[in-house]
Every structure is written in structure tokens, then in C-alpha cells.
Amino acid sequence: MAPTSMSLAAKTPLPFSTLPSSGVAQRPVSVTASLEHKTNDARRKFLKLALGNLGVGLPTLLGAKRALAEEQGVSSSRMSYSRFLEYLDKDRVKKVDLFENGTIAIVEAISPELGNRVQRVRVQLPGLSQELLQKLREKNIDFAAHSNQEDSGSLLFNLIGNLAFPLILIGGLFLLSRRAQGGLGGPNGPGFPLGFGQSRAKFQMEPNTGVTFDDVAGVDEAKQDFMEVVEFLKKPERFTAVGARIPKGVLLVGPPGTGKTLLAKAIAGEAGVPFFSISGSEFVEMFVGVGASRVRDLFKKAKENAPCIVFVDEIDAVGRQRGTGIGGGNDEREQTLNQLLTEMDGFEGNTGIIVIAATNRADILDSALLRPGRFDRQVSVDVPDVRGRTEILKVHGSNKKFDTDVSLEVIAMRTPGFSGADLANLLNEAAILAGRRGRTAISSKEIDDSIDRIVAGMEGTVMTDGKSKSLVAYHEVGHAICGTLTPGHDPVQKVTLIPRGQARGLTWFIPMDDPTLISRQQLFARIVGGLGGRAAEEIIFGEPEVTTGAAGDLQQITGLAKQMVVTFGMSDIGPWSLMDSGAQSGDVIMRMMARNSMSEKLAEDIDTAVKRLSDEAYEIALSQIRSNREAMDKIVEVLLEKETLSGDEFRAILSEFTEIPVENRVPPATPAALPA
């Protein structure tokens, strides 16, 4: 018996889906000239020839050096210095030739191992000492010193050996540079390592997104602003004649799934001018300075194709308020933002470029980015109302088949808080269910199951009869009774024992309209209704038998009561806003930096006021359960038998035992009631 669904101020936030993309942006193919191909071929042939000559010449040079050594009498046989002294003492040395300043000696000596034949050996000397020279003179041995002689081949060999690696390195870098700049792959091709600073924006000279303003519904005000921008691009003389200038930027602000990107696709398809699109996260890379370089490159290309439109999706990835990052003023993201600010409205200006950006976190954007001159217009794209939801359902339902019992107006009334993406997902889920069940059209049953699945989760296995099922039934009926009998509460739409997600049972409440202003009576009534499940458990089964099933209910009503005290000023403390604006921000850093402006005494008063509201609401819930015990038993009996009761069925049974408040009465024919 998990949290009960109670549709408080609005529906619980839903996982949103992105509208299907309408096409892939085409990338222009760069074709190099034949002359450039010939030049590159010549360079490659020259490099191959040079490397080939080097490969052939190295063995030749090595052979030449070996021959030169042999001419100088350098033997491959070696003799140790101690053995040389031994041969010298035994008068076996005949001749000594000294090389390299007396450190190398080529010795002609008589070798007993070779039958007293003369052998030429090489001896490494520790140095030409006077004692050794004196000894050579005493033995009357012929010795001579030779200077180092190098021919031109040896000089060339040493020169090539010293310059080979630098030349190969420089040549490789040169080839990489030519490939990156000469069209051999472009920014995403094989030459890309040197193209990090290039913009990754998708460019379309004649955008073909497949989306027009006719495909956008439910956001009429935002659509009107964009239609003016398109009109300005197509017929600028109508506006310049009265001194108007084209807006430099339009910022789309709204929750996820409300159609911000869809509006950008529509303006791209309607404007008829070059269109650049990029995500804010594509500016920042792992290398320092890449983000600012990409911003410069993007606006350089935009100026070359002006007038044009630049669309930056999720601009909060790069436009976050400065000074809140870990890196401080040297943060790479801040450098990118500074360059973006300069390009949008700096000394040079960007005449003819309209920047359109979208975000769902406008509260964390830098104030310099939001000022007029950069983003002249801020268009709010909010969750649609009943009329907007109806228009959106008509757009997404145009290619689907519905049974005669399905009304798009009824679906719109049953889905408060749904965004455009949620409604598109709803109809798609209903179509999938209809196909799975072998139907040729979508019925109200598929619509009902799809709404339940989106809001509460997958349908689980129904519980077998027993104490747990009875406890869940009393818990859910307690919610329904307390909500229906408390003035100002939303009407019951459905009570069910079919598990969904983590909930063992569900009670659905649905507002009769879309309330933009909620009164204190309505908020307090929702707290009473939320505590009805725990009150029913305590009255029916006793205080020791209350369960953890009300954990989600308690979390919701505690948060609502705290909002009444801290945010809305609906308590005995007075009409104060007791929450720092920074603490309400969606940014974690800004919440950490927010100053706690309340004293310990005030914090204690807030806790007392929240507890007073909860206790008062719980006493009312207990009283309503005690007073309507007979009605509760009857409703639970029917619910255990049918497992699901519609709002009309529930109110019909309850009205037999007690009178429903006038403001909570719902006509039986209301569109909010579900088919049984």
C-alpha cells in the first residue's frame, strides 16, 4: 500500500518524451580542386622518394664506413689492455698504431695460439701515458700516431642521423595540418584532431524540418511572437519604415516537454533563411579555449550567411551564472560565456543574426545574457491549459483512429499538468495498447489505462482476498470520503485496488478546471484528504495496526503544510515569505551560498505552525471517518467486489448515508467522470 495518488496542486512531474525528429540535417560535401589534388600527390611522391633514398642510402653509408675502418687497419679482433701489457713484456708486439688521441691502438703482435703468426688486434687504451711510450721506446717497437680523418660520406651520414627524427616529425605535422585544412575529412573527418576550435553547428541553407506553425498547438502566445520574427525576416520594410529593428535574440523558457524545440523547428521551416542549430553542451570540450573558439567560428559563419537564425538548445549548459563554478573566473565555461556575450552584442554587432535559445532553467542563467540587446524577448512556454491540451490532442490525434466513446475534450480535462510531450506519449501508449489487444480503433479503455500507466506506472497483479486487501480498501476509501466531505477539495475521479508501480491501491482526484490561484481552504482540504487513509487505518483496525502505507501521503501533506507556512504566508505567523530566494533556486551551488535569514525562534515557530496545521487536519479526518463508518463499510464491500469504482459510483453510494457539501457536488454527466 504505497503512496496514494492525490493530484495536489498539479500532477506529479512525469517522465517526458521528446517529439520524434523530423529529419536529419544534411551536411554539405566539400570537393577539392584537381590542382590541389595534384599538389598533394606531388608532396606524397616526394616524401616517398626521400624516405626510399634514405632507406637505400643508409646501408651504403654503413658499408662505406666499414670499408674506411678496414683501410685504417681497424680489426674486429680485440685484446684487453692487461693482455697487451703482457704481450709487450714478452716481446711479442711488433708495431703499434695509435688513433683518437691515443685511446685506440691497432697492434701487430705474434700470437702463440696461431702458430706464432702476426695478428692485428684492437686495444682500448686508458690513455696515452708517458710510461707506455717509454716502454715502447725501450722495446724498440715501431709506433706512430694518426689523426682523425673523415671523408664526405661520414659527414653526410652523421648529418642525416642528427636531422632524421626532426625532419620526420615536422613532415608528419605538416601533413596533418594540410589534411585538417584542405578538406580531407572536415571537422569530423580524419583531419579532425587539429579542428577542435571549429563550430559543430548543423547548417541548412534551406531548412526542411517537416514542422510548420500548423503543427504547434497549445502555446498561442509564444507562436505569435515567433510568427512576428518570421514576418520581420520576410518583409523587413514593414517594420523598418516605422523605425523598428529586428530582435537580436529570443529566449524560450519553460518546463521540459512543452514544445520549445518544436517551436524552433517550426520557425526554421517557416522563415526561409539559413538556419544553424547547436546544443549548448557542444561548445565546451576537454581543451582550454575550445569553447570560445567555437563561438567565434559559429558567428563568423552566421555573418557570412546573414540574415540567418542561430538556435542554441539547452543554453544553460554554457550560460550559467558566472562566479558559481568551482574554477572561479578561470572556468572554461565562463570564458565561453564571455565570448558569447561579446558576439551577441559587442563592438562589432551581429546585424541580421537572430539567436534563439531554449532552456528549462532560466533561474541559473547569467543576468548579462538575459538583458535586452542580447535576448530582447523572453517567451514563456508553460504547461498548457484545458483549451491548449485539447488543441495539442487534435494535432497528435489527427493520424489515429478513435472509437465514438472517446472525446478529446474529456481527455484534456482528465490530464491537468500534462505537457505537450506527455499528451503525445499518452496517445501513442493508447495506440500501442489498442494494437496489442487486437482493436482497430482506440477506445476509452485504452485512454484510461494509458493515463494510469503514465502517472502511476505499470499495472501489477491484483491482490488475493485477505486482510491486506481489506486494509488497502479501507485506506483508499478513507482518502475518498475525507476528500469528498471536506469543502474545497477536488472531486474523486476513481478508486481502485489494482496495483500500479509501487502503489497497492490508488485514489484519483481531478480538478474541475485548471486552478491558477489556489485558496487556503483548498490547500487545507488536500491535507485533510491526504490524512484520510491513515485515519481510516487507525479507526477501523486500531492504532497498533497502522501501517507504512501512508508514508507517501505524510510526505506530501508535510511538504504542503510547510509551503503554506513558509512560502504562502497562510499561518498564525503572518503573511511573511520566510524562504530565501537563493534557497529556492534549482542550482545546488546557489542553494549552498544562500543565507539563512531566519532566527532559531522563527524556525521553531515554523515547525510549530506546520505541526498545528497537520494536527488540525488529522482531527478532522478522524471525525469524518467515525461519523461515516456505515457508509465506509458499504463502499469497501462494493470496492472489494468490483476492485474499481468510478467517481459517480462512489458519490452515489456515499450520498445514501450522508450529505455531500454543495461546493463538492459533481453532476453525474460531468466530463470528469470515467466510463465504468
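Just so it is clear, glycine is given a Cβ too, placed from its N, Cα and C backbone atoms.
Swiss-Prot annotates HIS475, HIS479 as Zn(2+)-binding residues; of ASP382, ASP385, ASP553, ASP572, the candidate listed for that same site is ASP553. It is GLY257 that, of the binding-site residues PRO256, GLY257, has its Cβ surrounded by the most other Cβ atoms within 10 Å. Counting only same-chain residues six or more apart in sequence, the Cβ atoms lying under 8 angstroms from the Cβ of THR258 (ATP binding site) belong to VAL219, VAL381, ASP382, VAL383, PRO384, SER419, GLY420, ALA421. For the pair PRO255 (ATP binding site) and GLU476 (active site), the Cα-Cα distance reads 32 Å. A distance of 39 Å separates the Cα atom of LYS260 (ATP binding site) from that of GLU476 (active site). Look at GLU476 (active site): DSSP puts it in a helix.
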